[in-house]
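Reading through the structure tokens given below for one structure.
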């Protein structure tokens with residue numbers, strides 16, 4: 001049954017750890033190359049057009065963008081809180097080396113140190129094999145001990161006969177098991193429910209673990 005989104009709102013922009021939102025709300029981060037479709041994916045998941053600004057200009061997002069959502073996993077369930085974080089896209093060349101280094105440090109600090117971060121969605125373009133930057137991002141997330149969910153976006157731009165092969169190419173390149181990558185298209189509306197189901201399960205799993213094994 002599809003997740004019901006109760007509310008979705010922009011929270012804040014942050015460039016330093018002291019600006020990150022406080023509280024214990026489980027967080028999901030979204031990362032990928034510039035112009036891979038992160039904003040479109042966020043809007044589709046939120047069931048709200050315009051929540052995350054979609055731009056045709058790569059590299060527009062230059063800070064961490066936080067969004068607060070509440071959802072019901074089933075119609076009878078009480079609303080649960082979750083927060084999404086949109087990270088600046090990597091692989092954008094038209095900025096100075098110093099600016100790229102600043103972005104990299106900001107993103108890596110967040111991915112290593114954010115204690116409420118439950119999973120990271122790595123977004124890749126289904127039309128192409130994962131880039132070296134995509135592979136590096138996946139390796140970094142694994143080394144940082146983060147739960148990784150891979151979403152292959154823009155599947156609407158592929159003939160249906162090629163979609164399965166495209167997903168298998170992504171899974172092989174990133175060392176995933178068959179069926180691990182989530183096919184996604186904001187245009188067709190496909191993949192939204194499957195991705196939501198994974199993210200909600202990860203958030204709930206972490207919450208149950210914390211309740212069963214509280215810190216000393």
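In case you wondered, yes, glycine gets a Cβ from its N, Cα and C as well.
For the domain 'EngB-type G' (24-205), the model's pLDDT averages out at 90. Taken from Swiss-Prot, the feature domain 'EngB-type G' applies to 24-205.
The number of other CB atoms found within 10 A of the CB of residue 38 (GTP binding site), across every protein chain shown, is 25. What Swiss-Prot records for 32-39, 59-63, 86-89, 153-156, 184-186 is GTP binding site.
Sequence annotations record features per position, and here Swiss-Prot assigns Mg(2+) binding site to 39, 61 based on sequence analysis.
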Where does residue 32 (GTP binding site) sit in the DSSP three-state scheme? strand
Roughly how many Å separate the Cα of residue 154 (GTP binding site) from that of residue 39 (Mg(2+) binding site), to the nearest whole number? 13
Using a 10 Å radius around its CB, how many other CB atoms surround residue 63 (GTP binding site)? 16
